[in-house]
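Below is one structure, written out as structure tokens, with a few remarks after it.
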Amino acid sequence: IFVSGLRDVAVLVFANKQDLPSAMAVSDITEALGLKGWLVQPSCAVSGSGLVEGLDWLSNQIQNQ
């Protein structure tokens with residue numbers, strides 16, 4: 001991802017297991033990974049929360065490129 005040719009690609013990170021009390025906060029994940037201009041989408045695969053929102057964002061990013 002840090003290759004110059006990939007600088008402008010859309011990157012979606014699903015922060016799964018957000019339903020667990022020990023889940024890392026999205027802001028902490030973003031800071032720890034140094035993510036700017038990317039989406040870190042909180043999600044829970046069990047309930048499906050956050051999945052549609054993340055995929056909608058990714059779809060919009062691809063359409064706008």
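Here the Cβ of each residue, glycine as well, is placed from N, Cα and C on the backbone.
As recorded in TrEMBL, the features of this protein are as follows:
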| type | residues | note |
| --- | --- | --- |
| BINDING | Asn16, Lys17, Gln18, Asp19 | GTP binding site |
Cβ packing number for Lys17 (GTP binding site), 10 Å threshold: 14
Asn16 (GTP binding site): tally of other CB atoms within 10 A of its CB: 16
Neighbouring C-beta atoms (10 Å sphere around the C-beta of Asp19 (GTP binding site)): 13
For the GTP site built from Asn16, Lys17, Gln18, Asp19, further residues of that chain with CB within 8 A of the site's CB center: Ala15, Leu20, Ala23, Pro42, Ser43, Cys44, Ala45, Val46
Surrounding CB atoms that lie within 10 Å of the CB of Gln18 (GTP binding site), all protein chains: 18
